[in-house]
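S.K.: Per TrEMBL, the features are:
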type     : residues : note
REGION   : 1-31     : region 'Disordered'
COMPBIAS : 15-31    : compositional bias 'Basic and acidic residues'
DOMAIN   : 18-53    : domain 'EF-hand'
DOMAIN   : 112-147  : domain 'EF-hand'
Amino acid sequence: MDAAKGVTNGVKGAFKSDARKESNKKFHELDKDKSGTACKDEIAEFVASNHNLWAMLSVTLDRSEESCQDAATRVAMELASGLKGDEALKAELTKEQFHKFRKHYMLDPEGSQEFFQRAVFASFDLDNNSLLDEDELDQLLDTFYKSGSIFKGDVRLPEKEALKERILQKLDTNHDKRLSFARIRGIISGTAIPDFE
C-alpha cells in the first residue's frame, strides 16, 4: 500500500470512529429514561434541537416550526427503524439504528437531501399512509404556486390543474390516484419538472 492510500484510509477510519463516538454521545443524551432505546418523544427532542433537520422545511413550505418538526420526527423514525407511518412512530430505536440514521441522513450530503425531500412528502401525507392522495397532492402542488415560492411566475410551470393531470398520467401507473414517495420524488426535488413542461 502506498503512503497516500494509507493516509487516506487512516483519515476515513478516524472520521468513522469520530462519527460513531458522536452518535453514541448524542444517543446517551437523548435516552432520558436510560432504557437503551430511543422512543418517538426522545427522537422528537433530538430533531427539535437539530435545526438542519427541519428549519429549511419551515421556510420552504411556510409551515409552523412544530408541524415541520413533527414531519421530520416521523421521517427520522421511519428511516432509522425501517418501518412506515404509525408503526415507525411506535418503534424503539437502538443505538445502532440511531448511528446509521445520523451517518446516512445527517452527515452525508446526499442523504441529507433525501431526508429533506422525504420530510416535504411527510408534511403533506396527513394520514401517515406513505401515499399522497389527490387532496394531499393538491396541497403539495399549492406550494409551487404560492406567492414567495421560487417557482411562482416561472413561465415553464403550467397551470396547477394541468400539472396535476400530467403528474397523475405519468406517475400514477396503477390509476388509484395515490402516489408514493418514490413516484413523486422527482417532483419534490425539481428534477422531473422538465418532463412535465
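Just so you know, the numbers here start at 1 and follow the chain as drawn.
From the backbone N, Cα and C atoms, a Cβ is placed for every residue, glycine too.
Give me the structural setting of these features: burial, nearby parts and distances.
M.R.: Mapped onto DSSP helix, strand and coil, the compositional bias 'Basic and acidic residues' (15-31) counts 16 helix, 0 strand, 1 coil.
Within its own chain, the domain 'EF-hand' (18-53) is flanked in space by residues 69-70, 72-73, 76-77, 80, 89-95, 98-99, 102-103, 106-107, 112, 115, 119, which lie at least six positions past its ends and keep a Cβ under 8 Å from the stretch.
Taking DSSP states H, G and I as helix and E and B as strand, the domain 'EF-hand' (112-147) has 25 helix, 2 strand, 9 coil.
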